[in-house]
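What follows is a set of notes on a single structure, which appears directly below.
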Amino acid sequence: MSVIPSPRPVSTLEPDNDFRDIHNWTELLHLFNQTFTDCHIEFNENTKHVVLFVFYLAIFVVGLVENVLVICVNCRRSGRVGMLNLYILNMAIADLGIILSLPVWMLEVMLEYTWLWGSFSCRFIHYFYLVNMYSSIFFLTCLSIDRYVTLTNTSPSWQRHQHRIRRAVCAGVWVLSAIIPLPEVVHIQLLDGSEPMCLFLAPFETYSAWALAVALSATILGFLLPFLLIAVFNILTACRLRRQRQTESRRHCLLMWAYIVVFAICWLPYQVTMLLLTLHGTHIFLHCHLVNLLYFFYEIIDCFSMLHCVANPILYNFLSPSFRGRLLSLVVRYLPKEQARAAGGRASSSSSTQHSIIITKEGSLPLQRISTPTPSETFRRPLRLQTPHLHSAIL
């Protein structure tokens, strides 16, 4: 998962002849171990491995359940409202892909980073993880942009072509996410020996340049640019909703800020650590104690970044009353009849009180629609306009 090679002592490894042809092995070992020769700090590696395993396991179990539920519920949705959830559905698929790769990292940690699954899986697993990582980030970015466009754009052209545009954007995101990791993956190799390791190993003569290029591209494309777009469009959306003075505008504005903060918390520590370790020794010189500390906590920080697979389903799905109602309706279908009647009554009661946002003409306030109006209220029920609404795109 990392472009930073492990600095652990690897002197027991004996590379084969093919590997010696592209690397100066003595200098490469010195590169891996140079941070340990100047000042060595004793860390409890066993404790770190236990913490990593428990952390990976918790993210795997919770993330698997959450994203499977999100996919099941959103796959059953159709029509205009369902199209607004297209980014959420694809983001859940990408997050699920990351979750499914976690058992491999868990075993690698317990085996002290010994790779036992061959050369092909060494590259494929990393590629699979990176494709889904970029896809998840890009779909989150597209969702933030689409939410604002949906709120502000009432042109007939957008109304006619929005579904086609969203499908094209989703396809483009998957293609782009499949291309971006290639420069990194082609240099991921299995280091054969008594304890095989799967590492990023560009030719030694150009190693620093390759590592810096990969790290910078990951930082710019995987964090800086998406974070800028997510922050700008969520702030614009929050300001727009606040001006409409609707009942739940405060809640929606808080959600906009939560989207920004959670993204930064998940990815900023990882990106900063990776960039510092990549730049160290060639462009900047950090204190050796700090370098040892960063290397020790790098895997923990990397694991921490995967919390977005747990946070995304909560922020973009489970906080939505409509999603919870549809989830309960889906569960009711598989319950025995007696329990289904009781649960169905609760679902009906819940759905009758939830509200959805209907975007009206420019300058007017959003109307509230009650799902099950009484007969006396039917004549006052607002007409559904052709402009898109933000139900569950915001909630």
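Each Cβ is built from the backbone N, Cα and C atoms, and glycine gets one as well.
C198 (disulfide bond) falls within a strand segment according to DSSP. Annotated disulfide bond per Swiss-Prot: C122-C198, in sequence order, evidence recorded as sequence analysis.
Positions annotated as N-linked glycosylation site by Swiss-Prot: N24 (among others).
Per Swiss-Prot, N-linked glycosylation site is recorded for N33 (among others), and the stated evidence type is sequence analysis.
Positions annotated as phosphoserine by Swiss-Prot: S329. In the three-state DSSP classification, S329 (phosphoserine) falls within a helix.
The annotation topological domain 'Extracellular' is assigned in Swiss-Prot to 1-53 (among others) on the grounds of sequence analysis.
Summarising model confidence by region, the topological domain 'Cytoplasmic' (76-86) averages a pLDDT of 63. Summarising the annotation, Swiss-Prot assigns topological domain 'Cytoplasmic' to 76-86 (among others) and lists sequence analysis as the type of evidence.
Sequence annotations record features per position, and here Swiss-Prot assigns topological domain 'Extracellular' to 110-123 (among others) based on sequence analysis.
What Swiss-Prot lists as topological domain 'Cytoplasmic' is 146-166 (among others), and the listing cites sequence analysis.
The topological domain 'Extracellular' feature in Swiss-Prot is assigned to 190-213 (among others).
The annotation topological domain 'Cytoplasmic' is assigned in Swiss-Prot to 236-254 (among others).
Sequence annotations record features per position, and here Swiss-Prot assigns topological domain 'Extracellular' to 277-295 (among others) based on sequence analysis.
Per Swiss-Prot, topological domain 'Cytoplasmic' is recorded for 317-395 (among others), and the stated evidence type is sequence analysis.
The transmembrane segment annotation in Swiss-Prot covers 54-75 (among others), and the record cites sequence analysis as its basis.
Per Swiss-Prot, transmembrane segment is recorded for 87-109 (among others).
With a threshold of 8 Å between CB atoms, the same-chain residues lying at least 6 positions outside the transmembrane segment (124-145) that come near it are 1, 87-88, 90-91, 93-95, 97-98, 101, 104, 117, 169-170, 173-174, 176-178, 180-181, 184-185, 188, 198, 221-223, 226, 229-230, 233-234, 237, 259, 263, 267, 308-309, 312, 316, 393. Look at Swiss-Prot and you will find 124-145 (among others) tagged as transmembrane segment.
Taken from Swiss-Prot, the feature transmembrane segment covers 167-189 (among others), and the record attributes it to sequence analysis.
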Notebook entry, point to check: Using DSSP, would you call C122 (disulfide bond) helix, strand or coil?
Noted result: helix
Note to self: Let me spell it out: take the transmembrane segment (214-235), skip the flanking residues so only those 6+ beyond its ends count, and list any with a Cβ under 8 Å from a Cβ in it.
What the structure shows: 3-4, 133-134, 137-138, 140-141, 144-145, 147-148, 180, 183-184, 187, 200, 256-257, 259-260, 263-264, 267-268, 271, 274-275, 278-279
Next item on the list: Using a 10 Å cut-off, grab the number of neighbouring Cβ atoms around the Cβ of S329 (phosphoserine), all chains included.
Entry: 17
Checklist line | disulfide-bonded residues compared (C122, C198) - highest count of Cβ atoms within 10 Å | finding: C198
